[in-house]
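Listed in Swiss-Prot for this protein:
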type	residues	note
BINDING	H20, H38	bacteriochlorophyll binding site
MOD_RES	M1	N-formylmethionine
TOPO_DOM	1-21	topological domain 'Cytoplasmic'
TOPO_DOM	45-49	topological domain 'Periplasmic'
TRANSMEM	22-44	transmembrane segment
Amino acid sequence: MTDDKAGPSGLSLKEAEEIHSYLIDGTRVFGAMALVAHILSAIATPWLG
């Protein structure tokens, strides 16, 4: 019997890749929101302009 579980997490490779894709998507959304927040705060502060 073959064991398709990857590493100590007990997840299969397909499951690990699915979780990883969600993590990457969440990081991209967070980064985009942070970028927008930084741009808006730079526009709103009079001493930077």
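Glycine too: its Cβ is placed from the backbone N, Cα and C atoms.
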Worksheet, complete the sentence: If you count the other CB atoms within 10 A of the CB of H20 (bacteriochlorophyll binding site), including all protein chains displayed, you should get 11
Worksheet item: What are the DSSP helix/strand/coil residue counts across the topological domain 'Cytoplasmic' (1-21)?
Response: 12 helix, 4 strand, 5 coil
Discussion item. Over the span of the topological domain 'Cytoplasmic' (1-21), how high is the average pLDDT in this prediction?
Written reply: 83
Worksheet, complete the sentence: Taking all protein chains shown into account, the Cβ-based neighbour count within 10 Å for H38 (bacteriochlorophyll binding site) is 10
Worksheet item: If H, G and I count as helix, E and B as strand, and all else as coil, what does DSSP give for H38 (bacteriochlorophyll binding site)?
Response: helix
